[in-house]
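Straight from TrEMBL, the features:
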TRANSMEM  74-93  transmembrane segment
DOMAIN    79-699  domain 'Major facilitator superfamily (MFS) profile'
TRANSMEM  114-138  transmembrane segment
TRANSMEM  144-166  transmembrane segment
TRANSMEM  254-284  transmembrane segment
TRANSMEM  304-328  transmembrane segment
REGION    335-358  region 'Disordered'
COMPBIAS  337-357  compositional bias 'Basic and acidic residues'
TRANSMEM  388-406  transmembrane segment
TRANSMEM  426-446  transmembrane segment
TRANSMEM  458-478  transmembrane segment
DOMAIN    503-558  domain 'Kazal-like'
TRANSMEM  582-607  transmembrane segment
TRANSMEM  619-640  transmembrane segment
Amino acid sequence: MQVWVCMSSRGSLPMKTGGHHLWGFLLPEAEDTIMEVSSKENTHFFSNNTIMPVDRSSFKSESSASKEKQACCGGIKIFLGALSFVYFAKALSGSYLKSTITQIERRFDIPSSLVGVIDGSFEIGNLLIIILVSYFGAKLHRPRIIGAGCLIMSAGTFLIAMPQFFMGRYRYERFSSTINSTVSLSPCLQDKSQTPLSALEKSQAKINAGCEKEAGSSMWIYVLLGNLLRGIGETPIQPLGIAYIDDYAVEENAALYIGCVQTVAIIGPIFGFLLGSLCAKLYVDIGFVDLDSVTISPKDAQWVGAWWLGYLIAGLISILAGIPFWFLPRHLPRPQGRKDSSTSSEHSRFITEDSKDQGASSWQQAKLAEMAKDFLPSLKNLFGNPVYILYLCASIIQFNSLIGMVTYKPKYIEQQYGQTSSKTNFVIGLINIPAVAFGIFSGGLIMKRFGVGVVGAAKLSLGSSFFGYLLLLSLFAMGCGNSEVAGLTVSYHGAEAVSDHEQALFSECNSGCSCSRNDWDPICGENGVTYVSPCLAGCRASNGTGKNTVFFNCSCVGTFESSQSSSAVVGPCQKGNECPKMFLYFLVISVITSYTLSVGGTPGYILLLRCIKPHLKSFALGIYTLAIRVLAGIPAPVYFGVAIDTACLKWGSKRCGGRGACRLYDSSALRSEHGLFRVTHFFLRGSALASGSSLRNLF
């Protein structure tokens, strides 16, 4: 029996969801969170008032439909929770890497430029397979591909930590009296016979034995390879995860679900930096050595925290995050309103199922050939859009500046304000990152509240950049002066001008001592001046061991500005009394700056979406992401690292020869170089945005 049913025309509404990259201002690897959900074509199933016969048996009962809806909603919510956890895991590991930049540099005795190469290897790994994942990922089991990506990501994270277990214990430069607590030695060795022969022989034997193993090894390569694997593993998470949500979520809920994923991703960097703060407090070889024998403190330039411990934790979290995806189905039931829609998912459009005939397969091949044929015209159309090109150039300039600054921000705070790595990471995680998130949210709220158009979005983005960079310049205008280090920043007689740092380390007060200019074993004289080593301070007696060692009869301490005291203690002196106050000012302005710059993020991204034709949006975003990675994510950490290295005043020496990590920076030069980069980037980006906002006739 048949009944005649009158059906009205219905078409699925097109949906385009764009999520601004919440962490583009903080983490280069987080740039892959720029999301663009594929456009849906309007398809009409029936013409208006079409009369057609329908069999009663084709109708499902209300209870059956309700159960199917519940199954669909339950499945997508489980996937949503799992994907949110993955976003948290990858954001945590990425931000933790930023927090350990200084620790890695000191542990492997490498310059900042090489650390920049390690940091940029994540982007290289991502670029290696992003095209393969984007194309073939839609043909396969997407949840399991994401699960496999989590395993690769965790493997890379574990690989980063592995050198700690194979390169031996961490060795730092310290006065030799710690070799034998029963012997009190004179740092100023006028005659080497003063030192017990057995102690020197044992010490030198250990060095020679270690050189044979370490001379031909570069364990930092494993850190680079591990970060490369992290980039490969994270590649499928964003494109496949967001597409899966868009395919199987109710259309009106898709944007909400994507927003939930981004919101959870905010928590990852906060916990990443807090984890970095915790691990930086712990000594690198905790659990392997007696901590009472450690003679350096977290304030020392040679201190290395338990950097490897956080990577083990992050790797474990990545494994746990990937487990649910191995049990999720390849397909979920379609939402009732989209069940028969021809707006099929990207996944189903690429898969040739057994039920499809040869004609459908041939049509797919023709469709792919047509898409390949349209590639060059689409690319030409895209690069012929002046607003898109200007915004792309402005974004490349901006991300070069921000990625470089954020990568080395912990180091900058440590060197400029004399803060420990632990405190620096704590401040960034608890203060700066929430300010960025709130700024992005405020930018979207302003656009919605005042109905800001495309030109208004360009002006808002330009305005926030202008005021944000003015605040940044004020940050670099303030800072602490150089620490007073005899022979490096001040002379032994108190003069500030030091011409030749290598020769200035030697003076009349230590001319009778057999000192090495390569040592870095700082002590703090009672006159408030730091000396590179007890020997260069002319100390002729010591008492105590380890952190409690006190040096006496230091001839250079007594001559500094006619000081009457000639004793010194282990460790460098703290910066001036005004430095803690300047650090508080820095924090306040830094938070305001982060918020101001972030307000323009959402309007700028809306400008990107609105200035191009609808059918080119996905392609335009792909080119945008590729350009940011290649021209900003990879080179910025490297050339910023090179610039930082030029501000080094005292390089460490490797045990087997060669230059190690920097021990002391010129604070003024470091501040000037950072400020110069930001000024240059500001004017270039401002010019591009101003040109874009002036092109009213294109809208």
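Cβ atoms here come from the backbone N, Cα and C positions, even for glycine.
Sequence-distant contacts of the transmembrane segment (144-166) (same chain, at least 6 residues past either end, Cβ-Cβ under 8 Å): 83, 86, 89-90, 93, 97, 107-108, 125, 133, 137, 219-220, 222-223, 225-237, 240-241, 284, 307-309, 311-312, 314-316, 318-319, 321-326, 328, 330. Highlighted: of the candidate stretches 74-93, 114-138, 254-284, 458-478, 619-640, 619-640 has the greatest count of Cβ pairs under 8 Å to the transmembrane segment (388-406). Confidence in the domain 'Major facilitator superfamily (MFS) profile' (79-699), given as mean pLDDT, stands at 79.
Per-stretch counts of Cβ pairs under 8 Å to the transmembrane segment (74-93) identify 254-284 as the leading one among 254-284, 582-607, 619-640. If you look at the transmembrane segment (619-640) against the transmembrane segment (304-328), you find fewer than three C-beta pairs under 8 angstroms, all six or more positions apart, and that falls short of contact. Note: the stretches the transmembrane segment (426-446) and the transmembrane segment (114-138) are not in contact (fewer than 3 CB pairs below 8 A, sequence gap of 6 or more).
Note: the domain 'Kazal-like' (503-558) comprises 12 helix, 11 strand, 33 coil (DSSP; helix = H, G, I, strand = E, B).
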